[in-house]
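All remarks here apply to the structure that follows.
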């Protein structure tokens, strides 16, 4: 039986195995997907060594906080990873580890389904890590020319200017000044507000008087409605959580590992419903 993994620091509440194992079963693929928690960088190194030696491992997904660290161990990267400098999917190809990013594809598809136009909109990204990079790249692929980025460490937001200098303009915003400007769309890519710390929010809409955003997106899916999204809805913004993004990026990863074809919309809805029950 072939093996697939999700690696990250804390995966107790991850529903990725549910999604992937359902897809594998649907296509009759003899493989199992499971979570592996890695508490530190040393354990990440050990995991990579294990993967290289185990002939049954096809590949793995990466989540917080290793989406950037994993590149150190990869032999090749896809074009999007070369730009984004973060990966969420790795495939074993012979002796080589090849890094891909399907996060931006999942994000882009979930945004397109909501029917929100991002062109010529003032967009604020909260966070500047691997998830933020995928989000920014997805927006670029949707025609966005510039984005505002607020991060607790201003230097990290500033560093994204160099990452994306060839494709779009990054406008860093100091964390404490994130309420001063008007935005049409606000996107949270941080883990602030994720279960179990559900009272937290990366943006206090009570403090925000510059205008009501048209759309507010949270990459978090557990809880399904974060404090961040609840407050945005009270103000009148349309909102979306990260569950569809999670499912759609998983589908794209399976395509990389097994060259599967697109899944039917009815099957995707079935997966989404099962995920909603699990959260």
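Each residue's number is its place along the chain shown, starting with 1.
Backbone N, Cα and C define each Cβ position, glycine as well.
Listed in Swiss-Prot for this protein:
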type	residues	note
ACT_SITE	67	active site, proton acceptor
BINDING	14, 15, 16, 63, 88, 103, 221	shikimate binding site
BINDING	79, 127, 128, 129, 130, 131, 151, 152, 153, 154, 155, 156, 219, 242	NADP(+) binding site
Nearest to residue 221 (shikimate binding site) by C-alpha distance, among the recorded positions 67, 79, 155, is 67
Between the two most distant Cα atoms of the shikimate-binding residues 14, 15, 16, 63, 88, 103, 221, the distance in Å is 17
Excluding its own, the Cβ atoms lying within 10 Å of the Cβ of residue 153 (NADP(+) binding site) add up to 10
The residue listed as 'active site, proton acceptor' and residue 88 (shikimate binding site), compared by Cα position, are separated in whole Å by 6
Binding-site residues 79, 153, 155, 219 vs residue 103 (shikimate binding site), shortest C-alpha separation belongs to 219
Residues near residue 15 (shikimate binding site) by Cβ (under 8 Å) yet at least 6 apart in sequence within the same chain, in sequence order, are 222, 246, 275, 278, 279
DSSP output for residue 130 (NADP(+) binding site) maps to helix
Same-chain, non-site residues whose Cβ lies within 8 A of the 14, 15, 16, 63, 88, 103, 221 Cβ center for shikimate are 6, 61, 246, 249, 250
Within 10 angstroms of the C-beta of residue 63 (shikimate binding site), the count of other C-beta atoms across all shown chains comes to 21
By a 10 Å Cβ neighbour count, the lowest-scoring of the binding-site residues 14, 16, 88, 151 is 14
Long-range Cβ list for residue 130 (NADP(+) binding site), cut-off under 8 Å, min separation 6+ in sequence, same chain only, gives 64, 67, 68, 84, 86, 87, 88, 103
Candidates 14, 16, 63 (binding-site residues); nearest Cα to residue 155 (NADP(+) binding site) turns out to be 63
Same chain, |i - j| six or more, Cβ under 8 Å of residue 219 (NADP(+) binding site); the result in sequence order is 107, 131, 135, 187, 188, 189, 241, 242, 245
